[in-house]
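> Have a look at this one.
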Amino acid sequence: MENLEQTCASLRAQIAATEAQLAGLKRELEIAEQAAEVKAQSTTRTITAEDGKTNETREWPLLSEEYKRYGRQMIVPQLGLQGQLKLRAARVLIVGAGGLGCPAALYLAGAGVGTLGLVDGDTVENSNLHRQVLHRSKNVGTFKVDSAIEYLRELNPHPTYVPYRAHLTPQEAPGIFKDYDIVLDCTDNPATRYLISDTAVLLGKPLVSASALRTEGQLMVLNYPPRPVGDKSGGPCYRCVFPKPPPANSVVSCADGGILGPVVGTMGVLQALEAIKVITSPAVNPSASPPSLLIFSAYSTPLFRTIRLRARRANCAVCSADASVTLETLKNGSTDYVFFCGVAGLEATLSPEERISPLEFKKRHPKEVPQDGGRINKEPTIIDVREKVQFDICSLENSINIPISTILSSASSPTNVDANAQPSLPFWLPRELASADSTDPIYVVCRHGNDSQIAVRRLKELGLDRGGQRYVGDIQGGLRAWREQIDPDWPEY
C-alpha cells in the first residue's frame, strides 16, 4: 500500500511539472506567433486604377480607400504623403489598454499606423467603462486587449493588431519590444513604468510616457533621440527623471484617488499625438527639441505647463556608461522591480481582538438608536475615515466622518494608560468622544478595511481607548464587506 501511495504521489508530481512546462511552452508559442504576425506585415501594394477609363495597373503607395480615409490628415503640411507612409510602416506598442491606452490606440489606429501591439493582462470591469473608451458593456469579463482590438478593427481594418494577453514581465519584455519602433507607457504602477523605460532604452526605442490621477496628468517623451547606452546626446529615461521610486504607501491608484474620464482621455490623446510626431518627424536635433515634462491640470488656469528636463544623468543605472541594468539582468531576473519600488503595506495591522466583522457588529449592536429615543449603555460610535467626497456618496446611519487625511495630519500624543488623566486631543474630535467620562465603543470603518486599521492605531495613540477601558477597533473588510454581508444594495463604486 505504501509503495502504491508513493507511486501515485510521484505521478502527480510528474503531471504537475509537465503541466507547468506545457503552460510555459504555450506562452512561448503565443509570443512567437505574435512576432511572426508582426513580421508578415506587407510593405508594398499594387493598385488597379478605378477611373473607369483604363484597365492599366499602376504602382501607388497607398490603396484608393486609404487616400480617402487619410486624406484630411495627409494635406496637413507637417504630415503629407511621406508622413502617412511612415505611419503605415510604423510598429507601435502600447502597454496598458486602460484609460490612457484606449484613447491612444484609438487615434493611432485611426491615423493609419501599420502595426499596433497591445499588452494587458486585465479583463474589462464595469468600473472601467466611464473612461476606457474602447470597451463596451457587452465586453465586461473579456480581456482588455481583445475588447480593444474588436473596437479598433471596426474603426480601421487596415492596421495589423497584435494582442498580448498578459502583464509585462522583465523576462518577456525584451522579446516583445524588439519588434516595435516606438513604445507608449499607458500603465499606472511604478514598477512597470521602470521596466518599460529600461527595456526601451536597452533596445533603442523612443518612449512616450503619461500618467493621470483625479484632475491632473503628466506627459514625457523619453529616450528621444534613442542613442546607445552611454551616449550623453540621447534623451533621458524614466530613471533619469525619477532616480528613486516614490514611497510605496504614497502611490495612489485611480480606484482610491479617483479619475475624471476627460482628464485621462486628454493625456492618452496627447500620447498618440507625440507618437505621430516621433514617427513622422525627420531626424531629431537634440538641441532644438529639449526634453520636457508637460503638466495638465483640468481646474487650473492655464491648463498646461511645461517644465524642461535635464539631459541623461551621468550615473543613471540604465542609460549611463556605468549602467548596472542590462538585458541580461532583465532576463535572469536579477533586476527586481517590485523590490526596487517596494511593496505597499499597512502601517498598522491590528490584532484579531481589535477587529470585528460586519455580521458580528450587527449582532452586538442590532439597533444604532433605541426605538424610545433614549440613550442605551455602550452605544457604539462609528467613525467613517473615507474622504468627505466618498462619505457624501453613501454612509452608515449615524456614522460621523473624520477623513484619514485629517487624522494623519495631526500630531500623535503618547498612549495614555491612566484612565483618569485628561489626554490632549485634537480639535477635530467630537466633544462626546473627547469626554473623559465616555467609555462607549468606537468602531472605525473605511472603504476596504485598510485605512481603518491605521486610524485605530492613531486613535489609541491619542488615548481614546482610556487605557484599555474603552473598545476601539475597526470593521473588518470595510464597506465592501458590509455590502457582502449586510446590505447587498449598498452602492459599489
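Using N, Cα and C of the backbone, Cβ positions are placed for all residues, glycine too.
According to Swiss-Prot, the feature active site, glycyl thioester intermediate maps to Cys254, an assignment based on sequence analysis. According to Swiss-Prot, the feature active site, cysteine persulfide intermediate maps to Cys446, an assignment based on sequence analysis. Taken from Swiss-Prot, the feature ATP binding site applies to Gly99, Asp120, Ser127, Asn128, Leu129, His130, Arg131, Lys144, Asp188, Asn189. As annotated by Swiss-Prot, Zn(2+) binding site applies to Cys237, Cys240, Cys316, Cys319. Under the heading domain 'Rhodanese', Swiss-Prot lists 376-491, citing sequence analysis as support.
Please go over these features one by one and say how buried each is and what sits next to it.
Taking the Cβ of Cys254 (active site, glycyl thioester intermediate) as centre and 10 Å as the limit, one finds 18 other Cβ atoms among all the protein chains shown. Cys254 (active site, glycyl thioester intermediate) falls within a helix when secondary structure is assigned with DSSP.
DSSP classifies Cys446 (active site, cysteine persulfide intermediate) as coil under the three-state reduction.
Reduced to three states, the DSSP call for Asp188 (ATP binding site) is coil.
The Cβ neighbour count for Cys237 (Zn(2+) binding site), using a 10 Å radius and every protein chain shown, is 29.
For the domain 'Rhodanese' (376-491), the model gives a mean pLDDT of 85.
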> Find the one among the recorded positions Cys237, Cys240, Cys254, Cys319, Cys446 whose C-alpha lies closest to that of Leu129 (ATP binding site).
Cys254
> Tell me, by DSSP, whether Ser127 (ATP binding site) is helix, strand or coil?
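Once the DSSP labels are grouped into three classes, Ser127 (ATP binding site) ends up as helix.
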> Quick one: give me the count of other CB atoms within 10 A of the CB of Gly99 (ATP binding site).
26
> Could you check which of the recorded positions (Cys237, Cys240, Cys254, Cys316) sits closest to Arg131 (ATP binding site), going Cα to Cα?
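Going through Cys237, Cys240, Cys254, Cys316 one by one, the Cα closest to that of Arg131 (ATP binding site) is Cys254.
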> Between Gly99 (ATP binding site) and Cys446 (active site, cysteine persulfide intermediate), how far is it from one CA atom to the other, in Å?
26
